[in-house]
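S.K.: After the structure tokens below, expect a handful of questions from me.
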């Protein structure tokens, strides 16, 4: 297998492993609040929104140390260990207790930070400036395929149900736990890129022996260097500008992955189909994500206009979605009680409009995230782990804040916040892309940043 083929193979395996893991996790997140509302046990007093706020809060803090972890352990083992904690969190729903639910949320926050830093590092070392756009699109399309499979099951299994029984819950979460573990094991199929193997492929075992025999002092130096790079990157002009865009992706991630599904499930006007519509919504978010990731990955090689048109498209698509949701959903839908809401929207609530908005949310999200991944891999090819850690730090802290305020804010206030950050994030991304294009035109690179 040629070095380029091996790198492409690694990207595909990375995407498939994430697809399995997040088939389980994103389906879990999409239905968590609805499942919790239907729990009959009086001993359980957890909140799906609060759990997600804990996860993303710990996630954001942990990103400060994850470059050090990845530098010492390596991306492959880092992703495997993280996958085990994802599986543990999902398994908690088989027989949920409040203490285990929130404890698993804390562990998952740490694991998520390690996972996504290692993913960014793996994506970058298997790409170059010519393939980073393509590889980002391939990975994103495979990752977001996860939204399709799990939610397809939810749609058919929960069709016509207004309450989720204990048997339904256990069946779903046992299956999701197994699927997550399968994705975790796939990380062992990722091979070391030939370009990273200085001694050559025939001497791989000798190289590995050298790595194993590294002294603790060398590992400590690696960890400290990675931590220092993260702090330095935080205050560069490019990273500060991209942080505004990243903050927006955190807010809209919270909205489409947790809040919007809950809104749909709370609208009593949708009738007996309201719970199964949560699954259908997740499917169409996934369709939008897959379409965007595939399209922008294929077009990246021949895109003479850079990344800005894609981000502009994402901004417009999201604004249309927010406006339609504003008209179609009752304002109290995110915070409705177990019985749901009978409040009226500005128009008669339509299932078709609700599902169309799901597709738009997914398409817009893929526009932003594929271009952010491509930009970070291009700008910080030499410091990918610290750069992706800073990216996830900002995204996760904003997601945590959004999950927290989702317990209290009416729908129109949540939408207004996303419009403000979406516009600001698009403008800041344009500024960085224009500077990147200017530097490429001068024939220099970002290695000095």
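Using the three backbone atoms N, Cα and C, a Cβ is placed for every residue, glycine included.
Features from TrEMBL:
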type     : residues : note
TRANSMEM : 7-26     : transmembrane segment
TRANSMEM : 46-65    : transmembrane segment
TRANSMEM : 100-118  : transmembrane segment
TRANSMEM : 138-158  : transmembrane segment
TRANSMEM : 170-190  : transmembrane segment
TRANSMEM : 239-257  : transmembrane segment
TRANSMEM : 277-298  : transmembrane segment
TRANSMEM : 310-329  : transmembrane segment
TRANSMEM : 411-432  : transmembrane segment
S.K.: Cβ under 8 Å to the transmembrane segment (277-298), counting only same-chain residues 6 or more beyond its ends: which ones?
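M.R.: Here the qualifying positions are 26-27, 30-31, 34, 133-148, 150-158, 256, 260-262, 264-265, 270, 310, 314, 351, 354-356, 358-367, 370-371.
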S.K.: Among 138-158, 170-190, 239-257, 411-432, which stretch has the most Cβ pairs under 8 Å to the transmembrane segment (310-329)?
M.R.: 411-432
S.K.: Do at least three CB pairs under 8 A connect the transmembrane segment (239-257) and the transmembrane segment (170-190), leaving out pairs fewer than 6 apart in sequence?
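M.R.: Contact absent: fewer than 3 Cβ pairs fall under 8 Å.
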